Amino acid sequence: MTKSTSGDSKNTLYCSFCGKSQHEVRKLIAGPTVFICDECVELCMDIIREEHKTHLVRSRDGVPTPKDICQVLDDYVIGQSHAKKVLSVAVHNHYKRLQHGGKNNEVELAKSNILLIGPTGCGKTLLAQTLARILDVPFTMADATTLTEAGYVGEDVENIILKLLQAAEYNVERAQRGIVYIDEVDKISRKSDNPSITRDVSGEGVQQALLKIMEGTVASVPPQGGRKHPQQEFLQVDTTNILFICGGAFAGLEKIIGSRGRGTSIGFGADVRGPDERRTGEILREVEPEDLLKFGLIPEFVGRLPVLATLEDLDVDALIDILSKPKNALVKQYQRLFEMEDTRLAFSDDALKAIAEKAIARKTGARGLRSIMETILLDTMFDLPGLDAVDEVVINKEVVEGRAKPLYIYAERREDVGSSA
């Protein structure tokens with residue numbers, strides 16, 4: 001039934017799929033003798049996306065094409081089209097190399113590990129996590145700042161492979177096709193250009209330790225982890241086919257690129273803007289291996305990362321899209337949370353813009369959006385479970401800026417307005 005024929009509500013329209021009335025949903029779309037609400041449309045889109053993603057994952061006869069990979073990345077990551085293209089091609093080639101590795105021994109295809117360079121909160125980690133989800137391979141993430149050379153206090157490089165093995169549920173064969181993301185690699189840069197009598201165990205020493213596992217070696221991994229169980233039996237894991245993705249903000253790299261010079265500034269097509277007039281992401285796109293060497297990475301480490309992908313700064317429009325558009329967008333997450341209290345949550349356009357502007361002012365990128373949302377909604381989430389009949393909570397610009405309280409719309413009031421109309 002799409003219409004109610006009883007009493008005052010005889011003209012009320014209902015969704016033909018979930019049965020909700022036009023007052024319970026944001027939009028009701030009419031068709032020939034049927035209606036569908038916006039929530040059912042979103043649910044249908046989610047089902048179609050999941051089926052498409054499953055088709056990509058299960059198509060083992062042919063590795064997903066770069067376009068297919070990029071299309072799924074678009075569902076989760078806003079913007080960064082250049083980085084997505086670079087990653088999609090590199091990952092496609094990597095797994096195609098694994099699939100056809102034994103069919104032609106005349107030409108040996110080398111592994112192409114990836115280096116992601118971009119400001120904080122621009123999506124480096126999310127890109128790596130989404131890639132692993134698309135390909136249905138084990139994935140682990142390591143923080144380079146916690147690593148030290150073997151024999152020193154800190155985490156051994158081999159522990160990265162142990163985490164990957166744990167993600168693969170100790171299936172060595174699956175782990176050997178996994179993806180490792182090493183974050184904060186810019187923090188293990190060489191501390192000084194001049195050799196020192198004190199050993200740099202958390203900088204250049206870690207780079208040296210990572211070389212072998214990134215290039216390909218058989219690592220001996222203790223199943224219980226680390227140095228606490230020296231008598232245990234070791235597992236042998238070949239890292240040749242593990243894809244390593246390294247990421248870092250590389251603060252100050254843009255100054256090194258700027259000091260290198262950008263070639264000629266003469267001619268009609270020349271960009272005559274100074275470094276201060278250009279955005280950081282725009283400058284980082286011109287990075288060369290020599291710039292990374294000046295930053296403090298050793299030549300051998302740079303050589304193990306032949307694929308460079310740079311990410312752009314996120315502007316206000318991009319952050320607004322991140323808040324509302326992806327499949328697991330923050331706004332959708334909080335709306336789902338409020339639905340559990342039988343309450344709808346709505347953000348005005350100027351509220352989303354104000355949240356994005358706050359994140360830019362804090363220089364935290366997309367990573368800072370959740371913290372801002374938590375602060376805005378804290379009092380509401382504290383009070384709401386104890387309130388009755390709150391139908392909707394509305395957040396506007398004044399609420400984000402702390403100049404007003406969220407607007408509570410009660411079910412009785414909405415019904416009174418509807419009956420008087």
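Numbering starts at 1 and runs along the chain as it is shown here.
Just so you know, glycine gets a Cβ as well, placed from its N, Cα and C.
These figures come from a predicted structure and were not determined experimentally.
Per Swiss-Prot, domain 'ClpX-type ZB' is recorded for 3-56. Annotation source Swiss-Prot lists Zn(2+) binding site at Cys15, Cys18, Cys37, Cys40. What Swiss-Prot lists as ATP binding site is Pro119, Thr120, Gly121, Cys122, Gly123, Lys124, Thr125, Leu126, and the listing cites sequence analysis.
Positions of the features from Swiss-Prot, shown on the structure.
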residue: Cys15; record: Zn(2+) binding site; DSSP class: coil
residue: Cys37; record: Zn(2+) binding site; DSSP class: strand
residue: Thr120; record: ATP binding site; DSSP class: coil
residue: Thr125; record: ATP binding site; DSSP class: helix
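Take the mean position of the Cβ atoms of Cys15, Cys18, Cys37, Cys40, the recorded Zn(2+) site; other residues of that chain with a Cβ within 8 Å of it are Ser16, Phe17, Gly19, Lys20, Val25, Leu28, Phe35, Ile36, Asp38, Glu39, Val41. The CA atom of Gly123 (ATP binding site) is located 32 Å away from the CA atom of Cys37 (Zn(2+) binding site). Close to the recorded ATP site, the chain also has Gly118, Gly247, Leu311, Gly365, Ala366, Arg367: residues not among Pro119, Thr120, Gly121, Cys122, Gly123, Lys124, Thr125, Leu126 whose Cβ is within 8 Å of the site's Cβ mean position. Just so you know, the Cβ of Leu126 (ATP binding site) picks up 20 other Cβ atoms within 10 Å once every protein chain is counted. Cα separation, Lys124 (ATP binding site) to Cys37 (Zn(2+) binding site), rounded: 35 Å. Recorded residues Cys18 (Zn(2+) binding site) and Gly121 (ATP binding site) have their alpha carbons 38 Å apart, per Cα-Cα distance. Local packing around the binding-site residues Pro119, Gly121, Gly123 was summarised as the count of other Cβ atoms within 10 Å of each Cβ; on this measure the leading residue is Gly123. Geometry remark: Leu126 (ATP binding site) versus Cys40 (Zn(2+) binding site), CA distance 27 Å. For the pair Cys122 (ATP binding site) and Cys40 (Zn(2+) binding site), the Cα-Cα distance reads 31 Å.
In this structure, the binding-site residues under consideration are Cys15, Cys18, Cys37, Cys40, and the one with the smallest number of other Cβ atoms within 10 Å of its Cβ is Cys18. Under 8 Å, Cβ to Cβ, and six or more positions away along its own chain, Thr125 (ATP binding site) finds Met141, Tyr181, Asp183, Gly247.
Long-range C-beta contacts of Thr120 (ATP binding site), restricted to its own chain and to partners at least six residues apart, with a cutoff below 8 Å, comprise Ala249, Lys363, Thr364, Gly365, Arg367.
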